[in-house]
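Comments concern the structure below.
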Amino acid sequence: MVRAKRKLDHIEYALSTGQSRTHGFHDIDFVHQSLPNSNYDTITCETKIGELSLSSPIFINAMTGGGGEKTLHINEQLAYVAKHHNLAMAVGSQMAALKDESEAASYKVIRKVNPNGIFFANLGSEATIEQAERAVDMIEANALQIHLNVIQELTMPEGDRDFTGVLQRIEKIVLNSKVPIIVKEVGFGMSKETMQQLVNVGVTAIDIGGQGGTNFAAVENERRQRMLSYFNNWGIQTATSIIEATSTNNNLSFIASGGIQTALDVAKAIALGANTTAFAGYFLRILMQDGIEKLVDEIELLHTDLKFIMTALGAKTIEELQSVPLVVKGETYHWLMQRGIDTAHYSRR
């Protein structure tokens with residue numbers, strides 16, 4: 001019951017705390033092209049995460065599950081939206097259902113709604129090989145997300161305090177998994193050092209989960225008697241984390257998430273090097289406040305606007321969008337210079 005109550009608290013406080021931190025995309029400017037030689041009607045948005053082919057560079061990221069009927073209904077609605085737009089979708093952490101079988105229905109519902117969809121299972125980095133297998137089987141997942149959430153756990157009143165052996169557990173799951181593994185942050189971003197460590201143990205897909213979206217330190221602080229307010233502004237902004245990711249020069253697939261709300265955010269994330277982008281809190285807020293049809297309409301507009309932007313840039317495909325010229329400026333530029341990451345190649349390609 002404690003875990004289920006926490007799931008419901010997360011939804012409540014995620015909606016009430018909002019997405020107030022900046023994601024850094026205001027520091028990214030496209031170089032305008034007056035002769036784009038493009039046609040809106042022939043723009044295509046297909047992309048890939050590793051070997052998984054996706055019809056859109058937008059997917060519905062992990063949100064919830066394991067909190068009884070309310071979370072079942074949310075996942076049911078999100079699965080309907082995913083089916084309508086042919087989007088991939090991730091579920092929230094399934095540890096609740098591994099601990100309490102009665103919660104499994106809140107995850108399994110997505111396959112009932114969308115039998116042929118692309119779905120990602122989800123567990124924390126404390127998971128064992130056996131738990132990873134059960135989570136994948138539970139929803140017949142196409143991939144497994146393993147989330148890294150150190151700051152959330154430290155801020156969570158009942159959270160973990162021991163983070164030893166995480167990399168070794170991830171390596172074991174990678175070596176034994178029948179589906180691809182995606183390692184993701186939950187809103188605090190990933191450094192190039194973290195990504196290199198993950199590459200070294202065989203990880204091939206990463207969701208950088210940058211600062212700018214749902215702030216899980218703020219969410220957990222709402223549940224504390226004594227706030228750990230110093231964690232509320234902790235992390236690496238989304239735009240910065242994407243560039244840190246690409247600087248590793250590894251054959252990784254990158255997912256950009258963390259405060260992405262507009263088609264311009266999507267376009268900038270992809271142009272910086274992401275293969276796809278993920279929405280969570282923004283979609284949840286629309287669903288809970290305005291309803292499912294409004295969310296369906298919003299995603300339609302996102303795709304329309306993304307194609308407008310690609311047309312303006314002369315990018316006929318997602319791959320071409322990844323090579324358009326842009327300029328990195330402001331706080332993002334200064335951070336990257338301090339980190340020894342040159343951004344000049346973005347403006348000269």
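Glycine is no exception: its Cβ is also placed from the backbone N, Cα and C atoms.
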Recorded FMN site member, picked from SER34, SER38, SER93, that accompanies ALA62, MET63, THR64, ASN122, LYS184, THR214, GLY258, GLY259, ALA280, GLY281 in Swiss-Prot: SER93
Other CB atoms within 10 A, centred on ASN122 (FMN binding site): 27
Largest separation between Cα atoms (Å) of residues that the record links to FMN, namely ALA62, MET63, THR64, SER93, ASN122, LYS184, THR214, GLY258, GLY259, ALA280, GLY281: 20
Shortest C-alpha distance to ALA62 (FMN binding site) - which of the binding-site residues LYS7, GLN152, GLU153: LYS7
Surrounding CB atoms that lie within 10 Å of the CB of LYS7 (substrate binding site), all protein chains: 21
By Cα-Cα distance, the member of binding-site residues THR214, GLY259, GLY281 nearest GLN152 (substrate binding site): THR214
